[in-house]
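Sharing a structure with you now.
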């Protein structure tokens with residue numbers, strides 16, 4: 001691909017992402033499916049803007065590489081050792097059982113046994129990029145099902161090595177390709193990478209950080225990620241596995257958060273590129289000529305993997321409420337299938353359209369996962385949000401919740417405990433299924449699901465409640481929920497958490513006057529204590545705190561019309577000077593009034 005063509009492709013990718021992803025999110029089908037549909041639209045079987053899919057697909061695998069590096073940063077070696085049973089137990093069982101079942105089914109459709117074995121192994125793998133992205137979206141990272149899912153994905157990355165080595169053996173060309181000397185050299189090189197990374201990475205980054213130049217630190221981080229990926233690729237191993245190991249080696253270093261910050265923007269863009277490339281690779285010609293075969297194969301693939309994963313989760317002791325999440329998120333085929341099937345095709349293991357059929361099956365199975373997870377969410381919502389007992393009656397006056405609390409993280413838990421301590425009837429809405437299980441044990445009335453769904457709010461008693469407290473982590477979710485409540489439940493008193501001044505402006509513009517900036521009150525309290533340590537009388541420090549709170553809120557309201565204006569920054573500076581002048585003037589009037597306490601407003 002020439003330079004101008006590469007630039008044009010980049011512009012097309014960005015345009016497709018900007019156009020498709022917001023639309024997909026608005027339709028409620030998720031960003032991942034939006035990327036896939038965008039890829040179909042601009043690919044060779046869509047509008048035909050881009051035809052060199054293989055080259056772009058190979059480049060876009062860097063998105064998975066960056067993602068695995070960040071995941072490695074979140075896992076220290078001791079944590080990885082704790083996962084050994086799930087990695088080599090559940091992970092190995094999933095690959096072997098799924099591969100055996102799928103290979104047997106492929107043999108029934110006129111695949112040779114060699115091609116069926118390769119096909120079964122390739123289909124048994126899941127998409128690391130899609131599964132990890134969905135697990136993050138569903139907040140499964142810290143749950144039991146999320147940890148187990150990650151273990152399975154990690155074993156699949158490890159299984160890449162023997163799977164690729166198996167292809168020439170099945171093709172009957174082992175003598176030409178199976179060189180024990182080369183294998184020994186690769187093992188030594190891999191061990192050398194581990195030892196070198198263990199003892200050299202931290203001193204190198206310490207030296208780079210001492211320069212104080214942020215751009216150099218970012219460049220060094222990119223060099224580490226791309227270099228380790230290239231090194232592993234040269235050894236014939238998984239690039240993602242190499243960067244994951246590099247991340248683990250730096251997980252306990254003092255540079256962990258800085259490394260993650262430097263990599264995160266690249267990871268997001270390249271992951272989007274990967275999903276677009278997968279959409280582009282969908283062969284609509286094969287789909288059209290073999291429609292029935294492909295549809296049946298996608299259904300069978302997803303069903304077999306869900307069955308195997310669900311049974312393994314049950315044997316492993318995963319909670320029943322989390323088994324379907326675990327099975328659903330790993331039910332698709334994966335990006336490794338593209339590599340394995342291409343290698344097998346070069347060894348002439350496949351006949352006719354067999355490779356194309358398998359690749360179409362993998363691509364379509366990846367497209368079903370976001371939709372499948374939405375169905376799983378609805379099923380879990382019915383399971384958790386139905387009557388707790390069969391003879392439970394509809395709401396009566398004494399059972400109606402007075403307050404609905406959306407989100408039960410650390411912020412929401414404090415509010416919930418305060419309300420419960422004062423005998424208030426509350427209902428909690430939470431998207432983290434592990435938190436739902438835990439809160440139910442403590443006697444909270446908790447509903448699982450997305451609070452931006454009107455039906456869930458009704459089920460939770462929004463029509464009978466007096467107030468709703470919104471403590472979402474994401475500002476977009478907060479504003480969407482405010483809009484829904486104002487439209488469908490206008491009687492509710494809306495109270496919201498604002499993560500900062502910008503979100504506070506947005507809430508005020510939306511008509512929400514009861515909100516709390518999560519760091520503002522605690523910062524004011526610490527400031528009051530600081531004034532006391534500097535010799536100010538406690539009563540005077542309290543008044544200073546109250547005046548500052550009142551005047552800051554006034555300035556916040558005055559700046560609402562300028563929230564999106566280009567002169568906002570200069571006006572904010574003027575407001576700060578006015579605030580200081582008014583504050584000093586009013587405090588001088590209060591200096592001799594050292595007794596009495598005002599109330600917070």
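Using the three backbone atoms N, Cα and C, a Cβ is placed for every residue, glycine included.
Quick paste of what Swiss-Prot says about this protein:
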- 400-519: domain 'RCK N-terminal' (DOMAIN)
- 4-24: transmembrane segment (TRANSMEM)
- 29-49: transmembrane segment (TRANSMEM)
- 55-75: transmembrane segment (TRANSMEM)
- 87-107: transmembrane segment (TRANSMEM)
- 115-135: transmembrane segment (TRANSMEM)
- 152-172: transmembrane segment (TRANSMEM)
- 177-197: transmembrane segment (TRANSMEM)
- 207-227: transmembrane segment (TRANSMEM)
- 230-250: transmembrane segment (TRANSMEM)
- 291-311: transmembrane segment (TRANSMEM)
- 324-344: transmembrane segment (TRANSMEM)
- 356-376: transmembrane segment (TRANSMEM)
Let me spell it out: take the transmembrane segment (115-135), skip the flanking residues so only those 6+ beyond its ends count, and list any with a Cβ under 8 Å from a Cβ in it.
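For the transmembrane segment (115-135), the far contacts come to 32, 63-64, 67-68, 71, 94-95, 98-104, 106-107, 141, 146, 149-150, 152-153, 156-157, 159, 163, 166-167, 170, 240, 271, 274-275, 301, 305, 329-337, 340-341, 344, 349-351, 354, 358, 361-362, 366, 369-370, 373.
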State the non-local partners of the transmembrane segment (4-24) in its own chain: residues 6+ outside its ends, Cβ under 8 Å from one of its Cβ atoms.
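Hits for the transmembrane segment (4-24): 30-31, 33-35, 37-39, 41-42, 49-50, 56, 272-273, 276.
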I'm a bit unsure how to read this: which one of 29-49, 152-172, 230-250, 356-376 has the highest number of Cβ pairs shorter than 8 Å with the transmembrane segment (87-107)?
152-172
Just give the helix, strand and coil counts over the domain 'RCK N-terminal' (400-519), going by DSSP.
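Taking the domain 'RCK N-terminal' (400-519) as a whole: 50 helix, 26 strand, 44 coil.
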Which whole number is the mean pLDDT over the domain 'RCK N-terminal' (400-519)?
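In the predicted model, the domain 'RCK N-terminal' (400-519) has a mean pLDDT of 84.
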Cβ pairs under 8 Å only, please: of the recorded stretches 29-49, 152-172, 291-311, 356-376, which one is richest in them relative to the transmembrane segment (230-250)?
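Out of the listed stretches, 152-172 contacts the transmembrane segment (230-250) most.
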Of the listed stretches (29-49, 152-172, 291-311), which one yields the highest count of Cβ-Cβ distances below 8 Å with the transmembrane segment (356-376)?
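That would be 291-311.
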